[in-house]
Structures are given as C-alpha cells and as structure tokens.
C-alpha cells in the first residue's frame, strides 16, 4: 500500500502555473537557474542553460552513469574536496583503519543528502570501506556543481545539480534507485524523500535492504510515522538524535552558520537589530546565542514549556509571534513544523523585514501564499528576493524559505566531520549486525559509538582525556572505557 505522508510537502514548493505579473514569472524562472557562487566556488550559472538531463557527458574513463551540470569542473571540485579533508580527521582515520578490513565490502548504498565537498569526503570514505554508492541531492539548491563533477569523474554515479526543478529532483532520485543489475542494500537519507520514493515506487526493494540511516528531524519524524503505522519493513537508525549529531550539527553549527548566511545575502549589521527566532530546540539555541553575542535584541517563540523555560533562563523574551511581528527586523524559523510564518504574519511585517528559515524543510514559511498577482517579486541577488506589496512595503525573503545556511553560505566542515562519521558508523553497524539484532523499528545509535565519534575528533584540539582509576570506575559503576552515559542521555 502506498504511504501517504499527511500534507507533507517535499523540499520544494510547487511552482505556480498561472502568474499574474510578468515580473513574477521572470523572477521565478530565473531563480531556478541562478546559481549561488561563494568566493571559493567555481559554480558558474552563465555557461549554458541546457538542462543537464539533455546533455551527453562522459568522464575520462568513458562512463556516462551520472548527471551533473558540467563534468569539466571536476578539477576545481577535487580541490574543494581536498580542502574539506583537512578538517575531517575522523573520516580520514576511518579510511586508515579500512586499509586492513573492509567493513562495508558488498554494501550497495543509495544516498540522498546535500552534495557538498564534505559529503564527497564521506562518500569516498564509504568507497574506501568497501561500499558501492549511488547518490542524489536532498535539496534543489545546496549542490556544489564542481564537487558533483569531481565525484562523477572519480567514478561515483551522482545525479545532482544546483537549481533542479521539482521534476528533476525526483528524476535524479529515480536514476539512483532504478538501475538494471544493481540493487541497493542500504539507504542513507536526509529528509526522508529517498525512503518515501522507494516505498511509493519500488516497495519490493525492501526485501534486500538491510537498513536505513536517517539524519534529519524531518526524516526521522517520517520514519516514526511509518513505524507507528506498522509499515516500516527494515530497521532504521536515527542518527539525528545521537548526541554527537544533535549537539554539534544542530547547536554549534547553526551558531556559526546563521551569521554567515545572513551576512552573505544581506550585508546586514546585527547590533541593536530586533530578531524573533521561532523554536528553541538545538538549532534555535545556536541561532539565539550567536545573535545575542552580536548585540541583537532576541525574542523567542516556543510551544514546549521546557524549551521555553530554557529560553527564559538564557535571557530571551518568550513571546507569541503576533506580539512582535510588527516591530522585528528579522524573522528566523527553526521548528521543523509547517506554516509557522503565515501570510497574515507576512502582511503585518514592517518594511524591509528579513525572513529566513533554518529548519530542514521549506514548509515553515508559507511562501506559496506570496505567489499571488498583487505581489511583485524582484530577484535582487542569488537567493535573495524582494516581495513587494501594492503600497510599496517589501520584505526580504532568503532562499525562497529553504535552508538558509546550506542554500546561501557554507557550513563549518569540522562539524560535518562529526555528523558524517556518525553516519558512516551507523551504516557499518546496521550492515554488519547479525540477523535479528535489529527489528523493524527506529533505533538510536549505541552510546558507545557516540563517544567513539567524539574521541576521534579530540586530537585536533590536542585534548587530553582523563582516565578513571579502577577504584573510581567501580565507585561510579562504569567500565573504564565507557560508555560513560546511559543510552537515554541526550
């Protein structure tokens, strides 16, 4: 039976078919081809507008089992990957260990994640561990074209480019899965779209699949829905809620990348600005800490009384969005929910208010409600739209409501090293688990592995861990080598 995710819009909004004003249609068509290029990125949008699907490209070994923007950019992409390797010590350590044993020999992994230099280091590590991989992008804007080209050049079947349409997005996923003579036995997903597609189109594939590794709040939520409905037919590993992912990728990473994304797109000054952050989970905590440190006045909205109390204790005013919407300069969503910022809120915002999203899916801001004839859209920069009301008021919408840091800037590589190592270990664990260890359910990564990931990153800081004496270990009731925390610790 087909799984229906209630109302769950995917990573993109449907493009409108009828548009009142020409300026709107122009800006929308532009937005899908415009490519964001950071200083370090060689992604060039002007080279040609042919869809990658219509091009015949081969890598130097004669293979054409990939679809990227331009295979000629592979050399630039390779440099990006080499830079990323410097900041990903744990994955490089795993590769060293893999020279002896190949824990993923025989694994056929189909992946759907952001395709960046950091993901490339993960993919090449999985290859070194013995796996075969096929990969698509989980976000239509976050792919680095030159990195995708470098992966295709080195023999990875990659189907992704920046600025895919909705149809392209599903086509790429399908090309990864639906291959003659190749059947995946592991899934690595970010957001749940790949898992959803296989359920919808190729449910029989799950007979051979040993497990799913999922790393986003959104994707994990969808897995628990399946599990509840009794429709999850393979074990799944919830990497998102492991301590090393939650604390580091969600908290420390967003603390650094929120400022980067806002600065690159708007050149704004943060001192004295009034900001409302919707949601005080790990992502919200990171965003609030960074903005407060820059001298912004920060308000928080929250539904959970525990997170709300944490926000109050950290010195933030807890409000309802309606109470501050007329006065704030920036609105940031990080809830993982839908319609947090509605058209009614957008109508009441003050002139030139900046609106952006730090959650995984683009459902938090009701962007669809802004695609109406009376509003004019103006593309002012890559990933920056001015939406103008009839009375001349405008709001500044970033990345069309998609993930700000991955769409508009970059994410600190070191943090991604922690997440990617956690993903790699989860794949190894599920792939090698004896029959029956994991049932058809969603599991957390064992705490021992969480601690192992953290320990692989400590040498970078020349950090020296204290060791327990036998007497101390006995007193605490712990094994000297861990795990040091119970499995429910977060």
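Cβ coordinates come from backbone N, Cα and C, glycine included.
Please treat TrEMBL annotations as automatic predictions, because they have not gone through curation.
Database features (TrEMBL):
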BINDING   116, 190, 215, 245, 249  substrate binding site
BINDING   281, 282, 283, 284, 285, 286, 302, 405  NAD(+) binding site
COMPBIAS  15-24  compositional bias 'Basic residues'
COMPBIAS  25-44  compositional bias 'Low complexity'
DOMAIN    250-411  domain 'S-adenosyl-L-homocysteine hydrolase NAD binding'
REGION    1-64  region 'Disordered'
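Overlay of TrEMBL feature records on the structure.
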{"residue": "116", "record": "substrate binding site", "Cβ within 10 Å": "23"}
{"residue": "190", "record": "substrate binding site", "Cβ within 10 Å": "27"}
{"residue": "215", "record": "substrate binding site", "Cβ within 10 Å": "26"}
{"residue": "249", "record": "substrate binding site", "Cβ within 10 Å": "26"}
{"residue": "281", "record": "NAD(+) binding site", "Cβ within 10 Å": "20"}
{"residue": "282", "record": "NAD(+) binding site", "Cβ within 10 Å": "24"}
{"residue": "283", "record": "NAD(+) binding site", "Cβ within 10 Å": "28"}
{"residue": "284", "record": "NAD(+) binding site", "Cβ within 10 Å": "28"}
{"residue": "302", "record": "NAD(+) binding site", "Cβ within 10 Å": "23"}
{"residue": "405", "record": "NAD(+) binding site", "Cβ within 10 Å": "25"}
Separation of alpha carbons, residue 282 (NAD(+) binding site) and residue 245 (substrate binding site) (Å): 10
Stretch-averaged pLDDT - the domain 'S-adenosyl-L-homocysteine hydrolase NAD binding' (250-411): 95
Around the Cβ of residue 245 (substrate binding site), the count of other Cβ atoms that are within 10 Å: 25
Chain-internal residues near residue 286 (NAD(+) binding site), provided their CB is under 8 angstroms and they sit 6+ positions away: 250, 251, 252, 253, 254, 255, 256, 258
Residue 282 (NAD(+) binding site) versus binding-site residues 116, 190, 215, 249 - nearest by Cα: 249
Candidate binding-site residues 116, 190, 215, 249, pick with smallest Cα gap to residue 302 (NAD(+) binding site): 249
Cα-Cα distance maximum in Å, computed over every pair in 116, 190, 215, 245, 249 that the record assigns to substrate: 18
Spatially closest candidate among 281, 283, 284, 285, 405, the listed binding-site residues, to residue 116 (substrate binding site) (Cα to Cα): 405
Residue 285 (NAD(+) binding site): tally of other CB atoms within 10 A of its CB: 25
